[in-house]
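The structure under discussion appears below in the form of structure tokens.
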Amino acid sequence: MSDLILAIDQGTTSSRAIVFAPDGRMVAKAQQEFSQHFPDDGWVEHNPEEIWKVTTQVCRDALDQLSDDQRVLGIGITNQRETTVVWDKTTGTPTYPAIVWQDRRTAGHCRQLASDGLEDDTRARTGLLLDPYFSATKIAWILDNVEDARAKAERGDLLFGTMDTWLIWKFTGGKVHATDATNASRTLLYNINDQCWDPVLLERFGIPEAMLPEVLDCAADFGTALEGLDGVELPIAGVAGDQQAAVVGQACFEPGMIKSTYGTGCFALMNIGETPRLSQHRLLTTIAYRFDGKPVYALEGAIFVAGAAVQWLRDKLGIIKSAEETEALAESLSSNRGVYLVPAFTGLGAPHWEPDARALICGLTRDSGRAELARAALEAVCYQTWDLFKAMEEDAGERPETLRVDGGMVANNWLLQALADIVHVPVERPDIIETTALGAARLAGLQLGLFGDLNDLAQHWSLDRRCEPQLGDQERDVMLKGWQAAIERARNG
Ligand SMILES: Nc1ncnc2c1ncn2[C@@H]1O[C@H](COP(=O)(O)OP(=O)(O)O)[C@@H](O)[C@H]1O
Ligand SMILES: O=P(O)(O)OC[C@H](O)CO
């Protein structure tokens, strides 16, 4: 009888359920997309009930793939972060659709608070910036725009949660209203120094405390899943936001270790240890994981468009049929021929934070074709990683030794080598690139006694491919100068 963990990865476009063996082997997997709603310019919404339905469906599908001698011990949940759900405590009905992390509708509220001079203080408490990305202004928007919502929230009749909290509440039949410290640290309401919901911030954003979930460690007792699994009852034993779960899946447990996840966007996190330092380069300070009440922090850089640029080549330009084709196209050229793509389709994230920047392609000649564009889309991911890496290196005061990568894009071997060349650091891809789900499984495994401690987890990390930097300095400098010129043009609109 093997002891397995069911990991739920509730992402921005799909929910995945993966059953892992303790050695990290994937035993079963199911995935399903759900609908994206764009009701207005810059608005992005999800239906929380649909997410619950899809998530429990993939769980049941994965559990159905197991044989009789395979036993699941518990559940780990990881999720798209910041996305905000508010629901009625008694009926369980969402007050409004989930407002997704990408949604920009509260930009005006954030600008107002910044012009009131509140950015530095908010940053000192949360490690974050005043940006619509985070949950606080999304909650406030719901309370101010849905009839009676504020009065109900003040009476204690409404609850708030990120997707982990919503799923835990649904799984436990409304018995548990909880989140973990990593998800809490993305709300703009949680004080990362004092480890509590911050009364000053609750007042600043106008959020009644009664709405907020209890904050637990990443490996903890989040209750028992009683609903949604066809009568199977399982303890929910591990929770973390998806990028933090990837830190655990990549075993980045020492200060200075960096992981970077390349999916639709790219999120790089560097472990900075037990002291929550603020970045000098507008990177975020966030909780990487917390055990026994002791947080370990990370600096985080977010790139909004990574694989999404490849999707754009496929779906909007129609110059490739599949994402995989970009590898052979990029490889067919001996240089980028001076062509750059800045994929600022929704502005620029870290370290620039320029919401009004827009995408551009420059350096085209009569000879440029789909190979140049494919290569430029992949190189853009590398240059943006270099931007983040440089900021992290300067913040940390030392150069990280390696970059651990994961996510759907890193199946591309050309990209891996280009990352090593442009960022100028060895790049390592682990055996399992589903590190987000793996991290959630590891957290639950820790709580359920499958693993002893973090050293034990680190032993389980194994390398698939390592790329050393090979590009000469001169060639690299020319490429980086070209990128910097292109970025300046994008920033100036
Ligand atoms: N071989 C490849 N080369 C380049 N990009 C790829 C490749 N395979 C997948 N991608 C890109 O990776 C993304 C999917 O990665 P995934 O980790 O599943 O993303 P997410 O979890 O954000 O949905 C897509 O944007 C896709 O275009
Ligand atoms: O669901 P993903 O993989 O796009 O990740 C979303 C991030 O958690 C947003 O902060």
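Just so it is clear, glycine is given a Cβ too, placed from its N, Cα and C backbone atoms.
Automatic, uncurated: that is what TrEMBL annotation is.
Small disclaimer: the values here were computed from a predicted structure and weren't measured.
Residues annotated as domain 'Carbohydrate kinase FGGY N-terminal' in TrEMBL: 5-249.
All protein chains shown were included, and the count of other CB atoms within 10 Å of the CB of THR264 (ADP binding site) stands at 19. For THR12, ARG16, THR264, GLY307, GLY408, ASN412, the entry in TrEMBL reads ADP binding site.
What TrEMBL lists as sn-glycerol 3-phosphate binding site is THR12, ARG81, GLU82, TYR133, ASP242. Residues within less than 8 Å, Cβ to Cβ, of THR12 (ADP binding site) and separated from it by at least 6 positions along the same chain comprise GLN80, THR83, VAL100, TRP101, GLN102, THR264. Taken residue by residue with DSSP, THR12 (ADP binding site) is part of neither helix nor strand, so it is coil.
The annotation ATP binding site is assigned in TrEMBL to THR12, THR13, SER14, THR264, GLY307, GLN311, GLY408.
According to TrEMBL, the glycerol binding site annotation covers ARG81, GLU82, TYR133, ASP242, GLN243. Secondary structure from DSSP puts ASP242 (sn-glycerol 3-phosphate binding site) in a helix.
As annotated by TrEMBL, domain 'Carbohydrate kinase FGGY C-terminal' applies to 260-446.
For ASP242 (sn-glycerol 3-phosphate binding site), the nearest neighbour among the listed binding-site residues (THR13, GLY307, GLN311, ASN412), judged by C-alpha distance, is THR13. Here the binding residues for sn-glycerol 3-phosphate are THR12, ARG81, GLU82, TYR133, ASP242. Their largest Cα to Cα distance works out to 15 Å. Same-chain residues with CB within 8 A of the center of the ARG81, GLU82, TYR133, ASP242, GLN243 CB atoms, the glycerol site residues themselves not counted, are GLN80, THR83, TRP101, ARG186, GLY241, PHE267, ALA302. Confidence annotation: the domain 'Carbohydrate kinase FGGY C-terminal' (260-446) carries a mean pLDDT of 93 in the model. Cα proximity to GLN243 (glycerol binding site) (within 10 Å) is found for the following binding-site residues from THR13, ARG81, GLU82, TYR133, GLY307: ARG81. Comparing GLU82 (sn-glycerol 3-phosphate binding site) with GLY307 (ADP binding site), their Cα atoms are 21 Å apart once rounded.
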